[in-house]
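Student: Before I ask anything, here is the structure I am working with.
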Amino acid sequence: MGQVIGKTEDGKDIIAYEISGGRLHAKVMNFGANLMELHVKMADGEDRDIVLGYKNIEQYFDNDPNYGCLIGPNANRVGGASFKIDGVEYQLDKNEFGHNNLHSAFHSVQRSMWETKEEAADHVTFVYHRPDMEFGFPGNMDIEATYTIDSDSHLILDYKGISDKKTVFNPTNHSYFNLHGEGNGDIQDHEVCIHADYFSETDEESIPHGTDTKVEGTPMDFREFHAISERIDADYDQLKWAGGYDHNYELLKDEKYHRPAFDHDGMKEYEAAQFRLPDKSLQVNVITDRPGVQFYAGNNISGKEYGKSGRLYVRRGGLAFETQFFPNAINVPKYDQPVIEAGKTYHTRTVYEII
């Protein structure tokens, strides 16, 4: 059973649910379908929480960094805060640089109340009913999100969406990981590997416009493990504009990365990225059916907020791997489109494998 942990500003109960399996246990809540905690049982018996979050529920009402948030209906950026479907233009909230859109809207589903559809010891399912044109997106839409932890220490995120109009559906999870434990310094010593030969080059406002750039010979190359600190502050425009890594990687769908145990609905799941501690005592593998993943190194963590354990969250105190369609894909026709047809249920899955 869930536990009431607070109330929204309009008096609704905020309920947290605990799920567990293998070496993992997690806490998620119905406000924002948010992943509040993810604990790993370490070899020495330590119970380590590896995702960032807040101590007080009221802090989640703003949560500008999006700690633990389920982002939707559309993750990441849309240039000009507008897009067209079948010739009809739709305008989104201009919430970045005064003219672009980031993560649908500040008070989108990530800061809204969800209904709890199902709960069990190993999973919980939330549902959000988005009315036509809420946040600027067409169609009355039902969005479903399920968090599952299996006996092999996989955190599995399943997202489903169905709309009565053609619309955009590109959800992701924005959890920040620190494998040393949340609030325990920064993540710059974490070693990262990303299965991608190309990344999506951006303009100075982090908007891709269709330029696919080879990682080879650049500080963006993570085809083999590299510590984040090695090149994050390199004299390279893409890194200088974003203050570090905050880029979409165009994932290889090579059979050697195929993870058939997680395939679903005719969709294949592939290992996208890995990150680990330098002593290799803890590693996370990211598995997805999406074409891209945003690697974000926490460049904009302010260094002024205290986390749930009472420790200061320093700049680059957590990293995120956000599985997704490419940012601004809706305005770049050559990219896979995050558009779903009316009346059809769409299902996407992302897995965080803890080893």
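Cβ atoms are placed via backbone N, Cα and C, with glycine included.
Among the features that TrEMBL reports, active site, proton donor is placed at H174. According to TrEMBL, the feature active site, proton acceptor maps to E322. According to TrEMBL, the beta-D-galactose binding site annotation covers N76, R77, H174, S175, Y176, D246.
Provide an account of the burial state, proximal residues and distances for the features listed.
Tutor: According to its DSSP assignment, H174 (active site, proton donor) is coil. Other Cβ atoms within 10 Å of the Cβ of H174 (active site, proton donor), summed over all protein chains shown, number 24.
Classification of E322 (active site, proton acceptor) by DSSP places it within a strand. Long-range Cβ contacts of E322 (active site, proton acceptor) within its own chain (separation 6+, distance under 8 Å): I71, A75, N76, T172, N173, H174, V293, Q294, Y296.
Here the Cβ of D246 (beta-D-galactose binding site) has 22 other Cβ atoms within 10 Å, regardless of which shown protein chain they belong to.
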Student: Hey, what's the widest CA-to-CA gap across N76, R77, H174, S175, Y176, D246, the beta-D-galactose contacts in the record, in Å?
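Tutor: The span, Cα to Cα at its widest, is 18 Å.
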Student: Take the Cβ of S175 (beta-D-galactose binding site) and count every other Cβ within 10 Å, whichever protein chain it belongs to.
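Tutor: Taking every protein chain into account, the count is 26.
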